[in-house]
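First comes the structure, then the notes that go with it.
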């Protein structure tokens with residue numbers, strides 16, 4: 001199947017949405033001001049460079065779903081298959097947050113090496129770390145080895161969630177770039193549902209937690225083979241050329257070959273012209289010059305950092321990591337005593353998240369960012385106070401807990417889930433967008449790890465009812481932040497966002 005640019009107008013970068021819940025990227029797209037040549041492409045060829053990076057997002061989501069089920073299996077005296085099953089709430093917190101600490105390390109590493117090794121090699125490295133982490137976790141003979149496996153897997157997550165959005169954005173045709181990046185978020189949620197489903201299959205089996213992590217081992221192998229087969233990002237090659245980090249002629253020739261492979265046979269004659277246009281765009285916005293970190297904390301960049309950092313901070317401290325990682329445990333305390341009952345409800349939560357992700361992708365450019373944020377977070381407030389009230393007043397009606405969890409997941413996926421990452425990709429001035437996103441990503445993973453680690457001991461100390469009501473209060477505070485600080489960016493180009501919103 002071939003797409004003909006003559007039949008569909010080419011849109012500018014400012015009109016293409018780059019949205020994702022796990023959509024963490026260092027994309028630095030130039031504002032396109034000149035007329036472009038027609039960009040023909042083969043649909044089949046365009047799907048391939050999306051598919052294998054999206055496997056990295058799938059593995060991130062799978063880890064969330066599988067870990068939420070494995071914490072039930074690993075604490076069971078009859079089903080854990082280990083002698084060290086008597087884990088404290090702190091131990092459980094370390095297990096669930098171990099991969100997040102690894103992701104934090106991976107984000108720091110990616111900040112330093114992403115532009116050196118490139119997006120493709122970054123994803124190959126991530127696949128290798130996924131594989132090692134999954135194997136070590138599955139065969140761990142003692143608790144410390146289990147944590148090492150979790151951290152190694154998490155480093156792969158950190159590298160993936162930087163490199164995958166960049167590779168997809170830089171290789172996808174402009175007409176479908178936003179859709180492809182949004183579908184990467186769908187891959188993350190699909191992986192989460194898969195993790196819940198596999199967890200449900202193994203949760204009643206002796207040493208089932210080992211099988212939960214072992215089941216996914218073939219996926220990073222496929223991901224690595226696929227990324228080795230795909231070409232390097234043509235835009236990364238051209239950046240290296242402009243910045244004098246290699247032979248200019250050889251790098252530009254490699255970029256032309258890469259673009260021909262990525263677009264298919266229909267682009268053989270136009271690839272060289274497209275490469276010339278990209279070079280002109282990169283030069284016109286000063287992409288050959290490196291910005292300093294200090295510029296991030298001045299003027300417009302500081303305001304953008306406040307908006308992006310605030311959104312991802314509230315995304316985490318309003319309880320999202322706790323609900324995802326501890327959903328089966330929450331449901332067990334809510335009256336679903338059997339492990340299979342709790343994990344089956346978790347699958348329902350994952351499916352709802354998948355559906356609401358699709359809804360958000362469809363409506364986000366029609367309704368706007370602020371209405372979805374304000375409406376979705378308001379629903380989160382209601383659901384968290386309802387969940388807290390269940391533990392305090394209605395603990396004999398488990399349907400209240402299930403309804404509250406479903407409402408929370410649905411509202412989160414319409415608001416903080418996709419919009420935080422979409423606005424992060426829109427709000428930073430172009431020259432510093434990559435580094436700005438990197439700092440916001442560090443805030444995200446760091447806060448996620450802290451909240452996930454603290455939830456279990458805090459629940460034990462304060463009680464689940466007080467804790468969820470506390471999350472509800474934080475949600476109320478976030479509503480004020482959204483109303484007074486966060487601008488509406490719907491329909492604006494990146495240039496207009498910088499001029500009107502910062």
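Using the three backbone atoms N, Cα and C, a Cβ is placed for every residue, glycine included.
If you look up TrEMBL, you'll see 49-490 marked as domain 'Major facilitator superfamily (MFS) profile'.
Sequence-distant contacts of the transmembrane segment (50-74) (same chain, six or more residues past either end, CB-CB distance under 8 Å): 22, 80, 82, 85, 87, 92, 95-96, 99, 123, 126-127, 130, 153, 156-157, 160-161, 163-164, 167-168, 171-172, 180, 183-185, 187-200, 202-203, 207-209, 212-213, 216, 219-220, 222-223, 226-227, 230, 324-329, 332, 339, 342-343, 346, 350. Residues annotated as transmembrane segment in TrEMBL: 50-74 (among others).
Among the features that TrEMBL reports, transmembrane segment is placed at 94-114 (among others).
Among the features that TrEMBL reports, transmembrane segment is placed at 126-145 (among others).
Residues or ranges marked as transmembrane segment by TrEMBL: 181-199 (among others).
Annotation comment: TrEMBL describes 211-232 (among others) as transmembrane segment.
Positions annotated as transmembrane segment by TrEMBL: 345-364 (among others).
According to TrEMBL, the feature transmembrane segment maps to 371-393 (among others).
Taken from TrEMBL, the feature transmembrane segment applies to 399-424 (among others).
Positions annotated as transmembrane segment by TrEMBL: 436-455 (among others). Sequence-distant contacts of the transmembrane segment (436-455) (same chain, at least 6 residues past either end, Cβ-Cβ under 8 Å): 24-27, 93-94, 96-97, 100-101, 103-104, 107-108, 110-111, 158, 161-162, 296, 301, 304-305, 308-309, 312-313, 315-317, 319, 321-322, 325-326, 424-425, 428, 467.
What TrEMBL records for 461-486 (among others) is transmembrane segment.
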Positions on the same chain near the transmembrane segment (461-486), where near means CB under 8 A and six or more residues out: 306-307, 310-311, 314, 317-319, 322, 330, 333, 369-370, 373-374, 377-378, 380-381, 384-385, 387-392, 423, 455
Intrachain neighbours beyond the transmembrane segment (126-145), with Cβ under 8 angstroms and 6 or more residues off its ends: 55-56, 59, 84, 87, 91, 99, 102, 106, 151-157, 159-160, 163, 210-211, 213-214, 216-217, 219-221, 223-224, 227
